[in-house]
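Undergrad: Following this message is one structure expressed as structure tokens.
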């Protein structure tokens, strides 16, 4: 009672602005910064696993979805802590500290210079970085999941009963802050990641991409604590979720203990809890279970939806992100989803739904959700079709039992070549090459211009054989995969008669001897300017226009001369084609998925709220979040256990699974009867006093019977007892 009086007195003295408590400003800013922190870190996470840690696509996807699943499992823990122990304010503060520590650890784990003792740009102790990142992700999952069910509810607590209109507006602003944080972070953090940073060597700047979200989380914590004296903080009143679980548990135990046929059946299995719990609570639990039963098929939708941040982002790394006026990073494509949400929600509410209603169609919430699931499956069909087109542009690299070879003629005259087991061919002069040929043997006899030699080619590799004026053969090892992160792999072959130095920007490749080649080095897209310098200090600047994910061998011919026309005879031979499919094609699948999300998720939340008892809306919210967690678990199971050889086949598999699940859900929805929780609760509220009197009478009768039995056992002369 004292706490309530203190809170009431405090509420009267709180500052307000335009009828709104000033305290909500701190909560909205806190939510914006927290969502920026979470979505910013999450946007680059799968690329961090692949390019920094060095995991393959499947393992990167698995760990990513394990993390997301954990983020949606921990809200249950946060709700229990807040309602039963610490209260919302302390829960948010304490778990935000855990959250901040996790973000800082993630930023530290991405600093490659910590263990890069030889300063070659690659960490020497990857175990340290992996362990640090896993610890950071666990803390982040505990933090973001734990505060998820608390912040919005805490904001609602700041309003008094007469401020219902302001409370409704607050939740709209609160939702806007979530989308604003998501939108900006998905735009900004990929740009930060694409920068190069480092103490000894420059690499993709993951520390900055994780560091900025960590800084925003620090700001979120400081801002939230700063409003401490203005908040209304209600004491924990007990967790309804625990009460529901106890009621269900008692009903199950009681039914098991009375499973013999001598006990009459009851209308519903939850009625076995009547011996201990009120009929009102049992009726409320029945309503919750009825909705939760409909939740069973829903995780499959989230299994597809959350792959926007994993599989679809990895797909974007194999595409062309040049939009002319600007360049889109692969992880920035996720921004299409929040942009389309802002556009689609008002369109659906103000145009599509009224039009459907005008056409006389009964587009019920459950039918909307079914359509949303089908739209998500269509999005994955679009992703599969796009993946097929991408796969056609990727070179056919050699298998584990094959090797691929091509010949590069450094002279001006054509050279006939005979490879054992292959048709003879001619390599044209003037620094030309043939296409790769695939061989099934390691040792092969090669004849170039009539001169025979035995060449050794390693399995599962690519090679370029240089043919010089003396018909001598020299073998170079080529790369056997697309360059990562949309970079381009470039190397120089010196066909000139003296040593040459090559450099790009501030990187110097050192002197390359005649008829020798440099190692591959990575260059970003756009115009790449290279400097060629001889021992006398003469220079030549060569510019090569690069796309995304290509590989080139730049040949300096024996006819090369320094001067104004020095670049005329330089030839860039394309070993791997650049990414030919434009990233804009992904907008189709993002559009379908966002339409599915708007129809499915927004409708599902509204349906759950309308069908939930007044005091159990948080229980259904926890159940809704649990479907997201289970959906991500489905993804990691398929990614690890499925092991489909082609990515497009996995997309088709997910699409088929969701279609099958949507059919099951449609059948379940057909037999579902919509409820009015308020009407049901009112009916049981009228019966509750009589129910309590009946239970009190039953308890008194049990106590009297126990007393009589006790007296009878102590007095053997008593033959009969009257009550």
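Backbone N, Cα and C atoms are what each Cβ position is placed from, and that goes for glycine too.
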Undergrad: Labelled transmembrane segment by TrEMBL, one stretch among 253-275, 368-390, 391-413, 414-436. Can you tell me which?
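TA: The range carrying the transmembrane segment annotation in TrEMBL is 368-390.
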Undergrad: With an 8 Å cut-off on Cβ pairs and a sequence gap of 6 or more, do the transmembrane segment (287-305) and the transmembrane segment (61-80) reach 3 or more such pairs?
TA: no
Undergrad: May I ask you to check whether the transmembrane segment (368-390) and the transmembrane segment (651-675) make contact, with contact taken as at least three Cβ pairs under 8 Å and only pairs 6 or more apart in sequence counted?
TA: yes
Undergrad: With the transmembrane segment (619-639) as the reference, find which of 61-80, 92-111, 168-188, 587-607 contributes the most Cβ pairs under 8 Å.
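TA: It is 61-80 that shares the most Cβ pairs under 8 Å with the transmembrane segment (619-639).
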